[in-house]
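Participant: According to Swiss-Prot:
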- 1-80: region 'Domain I, interacts with DnaA modulators' (REGION)
- 80-100: region 'Domain II' (REGION)
- 101-317: region 'Domain III, AAA+ region' (REGION)
- Gly145, Gly147, Lys148, Thr149: ATP binding site (BINDING)
- 318-436: region 'Domain IV, binds dsDNA' (REGION)
Amino acid sequence: MSHEAVWQHVLEHIRRSITEVEFHTWFERIRPLGIRDGVLELAVPTSFALDWIRRHYAGLIQEALGLLGAQAPRFELRVVPGVVVQEDIFQAAPAEAPRPKLNPKYTFENFVVGPNNSMAHAAAVAVAESPGRAYNPLFIYGGVGLGKTHLMHAVGHSVAKRFPHLKIEYVSTETFTNELINAIREDRMTEFRERYRSVDLLLVDDVQFIAGKERTQEEFFHTFNALYEAHKQIILSSDRPPKDILTLEARLRSRFEWGLITDIQPPDLETRIAILKMNAEQRGLRIPEDALEYIARQVTSNIRELEGALMRAIAFASLNGVELTRAVAAKALSDIFAPRELEADPLEIIRKVADHFGLKPEELTGSGRKKEVVLPRQLAMYLVRELTRASLPEIGQLFGGRDHTTVLYAIQKVQELAESDREVQGLLRTLREACT
């Protein structure tokens with residue numbers, strides 16, 4: 001991990017621990033110079049800033065480095081006059097935070113598509129190509145950290161590039177509510193309504209939080225109607241489908257269901273490895289396959305935690321001056337994750353899949369090529385690969401001594417089917433639950 005990336009992670013921890021005024025005053029102008037012998041070197045603009053940071057924030061910086069895996073967290077401050085400092089370090093925080101902007105990291109190009117998110121991705125691409133005409137509104141739901149916000153921002157970037165004249169607004173439900181409260185208090189409702197009802201693409205994150213807020217629901221109802229009737233595109237994200245959002249007004253629920261509702265599921269093992277590979281490549285790093293697979297097997301819940309685990313492993317290796325191997329990754333994550341044992345026995349997976357299809361296990365592992373056996377066998381190979389540590393050659397041996405290329409073909413075939421066939425997606429979920 002580069003020294004800039006290490007410092008960014010340190011800043012994220014510090015920002016959660018102090019006030020915004022403190023952060024902007026003392027940390028916004030610090031610049032990382034490099035990492036030498038495990039010591040993070042930082043540039044500050046004045047000797048006064050150096051002394052103040054050393055006396056008041058040294059422990060916080062060391063704590064942040066320790067969380068990244070540094071065994072002996074150390075940093076060094078150096079005065080570099082060229083580093084710009086705020087003119088007024090006692091400047092008050094702005095009355096209103098700047099409006100959210102699209103995250104430049106969230107694009108279609110770096111969104112890893114897998115069986116868990118293929119439909120949501122396809123719908124988002126369709127909307128980006130023809131906003132206001134395809135799937136309006138588009139409602140994307142799924143657990144925390146699975147890529148809903150990434151897809152929304154990706155649509156925003158794509159629309160901005162294709163249709164630069166269109167006005168785009170991204171907002172979280174919390175921000176929408178807070179701005180509404182401020183607008184009511186300051187008698188600026190006309191301005192508030194104009195802001196949201198004059199856009200061509202409205203992206204609303206975490207819309208489940210609108211539930212139970214009567215005035216917010218009332219205002220959003222009219223905003224939704226104004227945009228929909230003008231054929232403007234609306235994209236909503238939530239952690240659950242509209243029917244499961246308790247205390248959501250029926251009229252809003254019905255409107256959320258007017259367009260397309262699509263979900264994002266947790267990524268399977270192959271998709272998690274692909275996500276880690278892309279993250280590593282974006283940072284110009286080549287990480288051994290077995291190290292990536294180890295991390296992918298430890299973090300199964302969501303992409304945000306998966307990427308966080310990778311960053312921790314990279315930082316641990318960088319700060320301790322070692323190569324990132326499987327063993328180093330295990331050490332870096334040891335205090336967060338207990339080593340995950342095999343989640344299922346390969347033979348048990350084969351038996352469960354055979355039972356589901358009314359077959360005998362030996363029919364799946366045998367050489368028969370009957371049509372009714374081919375797909376169950378491919379599904380069994382796929383699940384053994386996902387739910388155990390068995391290598392491709394080992395899986396081949398389980399299935400009658402088949403070549404590893406045959407196993408790889410079966411896995412890829414199931415992935416292709418799952419991307420386009422919701423029945424196969426559901427079948428995989430059912431079998432996965434039965435096997436774990």
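Every residue, even glycine, has its Cβ placed from backbone N, Cα and C.
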Participant: Limited to the region 'Domain II' (80-100), I'd like the whole-number average of pLDDT.
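Facilitator: Overall, the region 'Domain II' (80-100) comes to a mean pLDDT of 43.
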Participant: Let's check the environment of Gly147 (ATP binding site): how many other CB atoms sit within 10 Å of its CB?
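Facilitator: So the Cβ neighbour count for Gly147 (ATP binding site) comes to 27.
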Participant: When you measure from the Cβ of Thr149 (ATP binding site), which residues in the chain that are at least 6 apart have a Cβ under 8 Å away?
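Facilitator: Expected: Asn103, Tyr106, Asp205, Ser237.
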Participant: Work through the binding-site residues one by one (Gly145, Lys148) and point out the residue whose CB has the fewest other CB atoms within 10 angstroms.
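Facilitator: The binding-site residues Gly145, Lys148 were compared, and Gly145 has the fewest Cβ atoms within 10 Å.
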Participant: Count up the helix, strand and coil residues in the region 'Domain IV, binds dsDNA' (318-436) according to DSSP, in that order.
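Facilitator: Here the numbers are 80 helix, 0 strand, 39 coil.
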Participant: Tally the residues of the region 'Domain I, interacts with DnaA modulators' (1-80) by DSSP class, grouping H, G and I as helix, E and B as strand, and everything else as coil.
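Facilitator: Here the numbers are 41 helix, 18 strand, 21 coil.
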Participant: Within 8 Å of the centroid of the Cβ atoms of Gly145, Gly147, Lys148, Thr149, which other residues of that chain place their own Cβ, given that this set defines the recorded ATP site?
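Facilitator: Close Cβ neighbours, site residues excluded: Gly142, Val144, Leu146, His150, Leu151, Ser237, Ile264, Asn302, Ile303, Arg304.
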